[in-house]
């Protein structure tokens, strides 16, 4: 009996719990606006932080829609060019927060660091969302598996978008 209660408790407080319908007000939620190359982190029912980011070099490269964070990695390996994690040549930087865009497994599209800080704010990536390493390291610690990521291209502000998606009142 005790083991069943423990299992139920662990399932409820598990970091994968948000995989259902969300965001609910208070849940972590990420919005990327390709029009401004900015990304908002929403938590506790408010826009907590807005980051400058880099997105796809063409409009179609960074997919739009609502996705789910399914992979997180420190010092990620760059498969395309066979570059070890932690290498200064690795364009993924120090963290990878992968989401399931276009029915992928979280290892193709993601929010990650960089090895070229001057690229932030540019339309330059192969489809990912690129951040400063220091900022993605901080975000990495705050974003649980199952967090929703909404990517769009719009002139709406983050408060309006978050309200429309149910992340804030």
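Including glycine, each Cβ sits where the backbone N, Cα and C put it.
The feature active site, proton donor/acceptor is assigned by TrEMBL to 112. Positions annotated as active site, nucleophile by TrEMBL: 128. As annotated by TrEMBL, domain 'L,D-TPase catalytic' applies to 28-152.
Cβ neighbour count for residue 112 (active site, proton donor/acceptor) (all protein chains, 10 Å cutoff from its Cβ): 25.
Counted with DSSP, the domain 'L,D-TPase catalytic' (28-152) comes out as 16 helix, 52 strand, 57 coil. Residue density at residue 128 (active site, nucleophile): 25 other Cβ atoms are found within 10 A of its Cβ, drawing on all protein chains shown.
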